[in-house]
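After the structure tokens below, expect a handful of questions from me.
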DNA sequence: GCGACAG
DNA sequence: ATCTTGTCGC
Ligand SMILES: [Mg+2]
């Protein structure tokens, strides 16, 4: 069954109503989620870091078949599954989740970080390397039609576009990302990205072809 | 119709 | 995202 953009758009429009803007209650542990590819194989990784020392307290990964292509504004339909498969394997669940991609700085206010936040009912923050939607102005990304602030630009290495996924406020999101910025990278995301590259080069077998714990 | 376009 | 190593410069 091929990817159906119209159906996917309807899903985003429906779920976008469930995005919640609220202060993050607890921020002792933060996870980073990312995915890498080799052909049609997706390698997902989740790394949990403890604040404020930034010690890695748990790591998990997933290997699966990428079935959905990358289509701008529909990234979640391609990467949410690999990310969550890794996330569910974590023994230590984080207070907050950082996702490599946008949150509400999306044409339908429902980027992958928002999608994951709504699905897990847990605070998520979107951290993207480039702009997808909105007009950049004075360190902020504004909705071209309403003028609302959708994201804030944080300098960490290069520009990082920080937006609320769900269950967070932009102020909290920015403060947390700034705290996690180390050596030009948002630490949890850098850690997840490295795991992702590492298991890809190791050519780990698909999850289904692996025995428990092997 | 044209240009933009997370990863 | 991925294709790709060493090399030039501060
Ligand atoms: Mg990524």
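From the backbone N, Cα and C atoms, a Cβ is placed for every residue, glycine too.
Sharing the record's features from TrEMBL:
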BINDING   A:34, A:100  Mg(2+) binding site
SITE      A:70  site 'Interaction with target DNA'
Three-state secondary structure of residue A:34 (Mg(2+) binding site) from DSSP?
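Once the DSSP labels are grouped into three classes, residue A:34 (Mg(2+) binding site) ends up as strand.
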Checking the recorded positions A:34, A:70, A:100: which ones have Cβ within under 6 Å of ligand 1?
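What lies within reach of ligand 1, judged by Cβ under 6 Å, is A:34, A:100.
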Would you identify which of the binding-site residues A:34, A:100 has the most other C-beta atoms lying within 10 angstroms of its C-beta?
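That would be A:34, with the most Cβ atoms nearby.
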When a 10 Å sphere is centred on the Cβ of residue A:70 (site 'Interaction with target DNA'), how many other Cβ atoms does it contain?
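Its Cβ has 12 other Cβ atoms within 10 Å.
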Between residue A:70 (site 'Interaction with target DNA') and residue A:100 (Mg(2+) binding site), what is the CA-CA distance rounded to a whole number of Å?
14
Which three-state DSSP class does residue A:100 (Mg(2+) binding site) fall into?
strand
